[in-house]
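**Q** Taken from Swiss-Prot, the feature active site covers 75, 119, and the record attributes it to similarity to another entry. Per Swiss-Prot, Ca(2+) binding site is recorded for 55, 57, 59, 76. What Swiss-Prot lists as disulfide bond is 38-98, 54-144, 56-72, 71-125, 78-118, 87-111, 105-116, and the listing cites similarity to another entry. Here Swiss-Prot flags 1-21 as signal peptide.
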């Protein structure tokens, strides 16, 4: 084997090792994204909710800053209930469809139905309440006590 081939093989192996260290996204995150966009008729993408208030996004603490943030807290609590039932809400794939009235669940197993219901209720809640740009990317250490 030529030295250039060895270098190329080494580069491929190193990049594969690096890629294997990247944690995967939760499997149902894409589904939740579609449910959000279905519920609000495309007015806002799911990215608007990734870092909103004290509870939208990873983790959560303190008092929700508004009704929209309360939707995220309720969604977190719903996922906690799913885990108590032995479900894995961030990994559970489910069947749903987007109708004129918004998203609907169409899943067979109890865990799929429960997790889908959590996500549909959150998506509908997001669509129901106004979005306040001032609550996006807030300083959670100061405002979420």
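Placement of Cβ uses the backbone N, Cα and C atoms for every residue, glycine included.
Show me how these features fit into the shown structure, please.
**A** Counting every protein chain shown, the Cβ of residue 75 (active site) has 23 other Cβ atoms within 10 Å.
When Cβ atoms from all protein chains are considered, those within 10 Å of residue 119 (active site) total 28, not counting its own.
Within 10 Å of the Cβ of residue 57 (Ca(2+) binding site) there are 14 other Cβ atoms, across all protein chains. Look at residue 57 (Ca(2+) binding site): DSSP puts it in coil.
Reduced to three states, the DSSP call for residue 98 (disulfide bond) is strand.
According to DSSP, residue 144 (disulfide bond) is assigned to coil rather than to any helix or strand.
Around residue 56 (disulfide bond), the C-beta neighbours below 8 angstroms that are at least 6 residues distant in the chain are 49, 50, 68, 69, 71, 72.
Taken residue by residue with DSSP, residue 125 (disulfide bond) is part of a helix. Taking Cβ-Cβ distances under 8 Å and a sequence gap of 6 or more within the same chain, the neighbours of residue 125 (disulfide bond) are 68, 70, 71, 74, 75.
DSSP assigns residue 118 (disulfide bond) to a helix.
Secondary structure at residue 111 (disulfide bond), as computed by DSSP, is helix.
Counting every protein chain shown, the number of other Cβ atoms lying within 10 Å of the Cβ of residue 116 (disulfide bond) is 25.
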**Q** Within 8 Å of the Cβ centroid of the Ca(2+) site residues 55, 57, 59, 76, which other residues of the same chain have their Cβ?
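**A** Other same-chain residues with Cβ inside the cutoff are 54, 56, 58, 60, 72, 73.
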**Q** In which DSSP state, out of helix, strand and coil, do we find residue 105 (disulfide bond)?
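**A** It is in a strand.
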**Q** Within the chain of residue 87 (disulfide bond), which residues six or more apart in sequence place their C-beta under 8 angstroms from its C-beta?
**A** 110, 111, 114, 115
